[in-house]
């Protein structure tokens, strides 16, 4: 049996069902509206597992599901050395969102990451603590800023309404997901030049560490041509 | 393959006894350390590397990522100098990548707090640690962050540029990108050029609601700094070339010293630090270190945690995948940062050995001998 994990609700679930449906594989929820159970028609041996999109990276890493659909941002943020743990099978072409760095629009002296770094140094001297960047994407943001050589900042956790943290004086800048940028503008924030951390979209991932014996690998052999995909290296 | 914890502990106790015999007082440090001090000192990088946990009463805590900070705090709170301390115990480092590196391991360390004769204290720490590891036939390398800082400080350019370079000595890629920019070798990025054009035209006014803690005065002061920087001439090509020659220097210690003395004729700012290196090498030779076999790497220690500001060293096994068996250096500025309030500071130098690695290297030497 091959376990396929997909988002359990909302637009992401619908678009996932449509993507598989367009390739002849019908995914459907079964039972009542409220029951998280599902079925797959069109390929023998695939079991549907409905999960929160945020938990799919963890389930893939643990090998409790063989395949999973979730955002590329979540996989990169939640999993250390993600390419060793999961393989990207396909970009699904929906769920687009950009993880970006934004600063107050009034910071006319800060256009680039260079400027952010210099402003952070001056901020620390003036205020006695490191410039705070509010985000829920800790790994992605930290690795990006480390790679870009930005120092003298600190990350503060923000699980929602992140655009409001600057006005509320709990952060000086933010790193968050945006699709149109409207919420940023409404909150007087501006995206930095070079501040695109990750262009996210929904992807189909395979778990490298799952148990591929007991038929799962054979099911994948049947499934991949149906989806128009090839087996990635090392899986 | 890796020896069990008991063997690592026994090796650590043996090394600790040697440190005590050298005159150090044994000290303990709490495993749970307040996160604030460490975060303020190391920045976000430490959050990626240390285990952070929450105490309902004391707030964010970290499993100690090293002993240096608690030992310095303890000394600054109630120690009299000169002082020698040693310690032994586990440290905890989150590994961001999958692989063989352990998230917890033993460290055994030796620290010297002394106001006079820094070269002698440097030599004492290095000779003691290198001597204990001598039977393992490892490779030692030394460097001196103080020489690099002096060279940057001596550049003939704006103080703001020198401060920016000094901040990034520990981020080599960023440092050299900045140097290329200040030296006029790298073009001004388009976004910066646009901004400079607006400043020059007087149209870089704050045109959005002021939100957040950063004030209009702070924004305007940085606009002024940008204009000053744009108006200043680039750092002379010859100065950049000298700086690059210095940072690239890697040679056996005696040869490196004579090349540094040559460089100091053209970069007088490094002369005192180079003279300090000469005295340190003499002090090492007096303590029986084979200085001629020592590798000097000017950029040594630039990718480690940023508190060393003078002598740095490491001792490594042949396998490049292994972490250093021992490492250490001088951290005069750290005592000033952690001794704040009183504005007190004291020169300090120290080093740590990983007894777990020592035990496994000893085991493989014994296996070869059989």
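Cβ coordinates come from backbone N, Cα and C, glycine included.
In TrEMBL, annotation is done automatically, which means it is predicted and not curated.
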Remark   = L-histidine binding in TrEMBL involves B:66, B:67, B:68, B:107, B:111, B:302, B:307, B:308; of B:93, B:98, B:287, B:316, the partner in that site is B:93
Query = If you average pLDDT over the domain 'Aminoacyl-transfer RNA synthetases class-II family profile' (B:19-320), what do you get?
reply = 93
Ask   = Where among the binding-site residues B:68, B:107 do you find the Cβ with the fewest other Cβ atoms within 10 Å?
value = B:107
Query = How far apart, in Å, are the two Cα atoms that lie farthest from each other among B:66, B:67, B:68, B:93, B:107, B:111, B:302, B:307, B:308, the residues recorded as binding L-histidine?
reply = 21
Neighbour count (Cβ, 10 Å) for residue B:302 (L-histidine binding site) = 20
Key: Greatest C-beta neighbour count within 10 angstroms, which of the binding-site residues B:66, B:308   = B:308
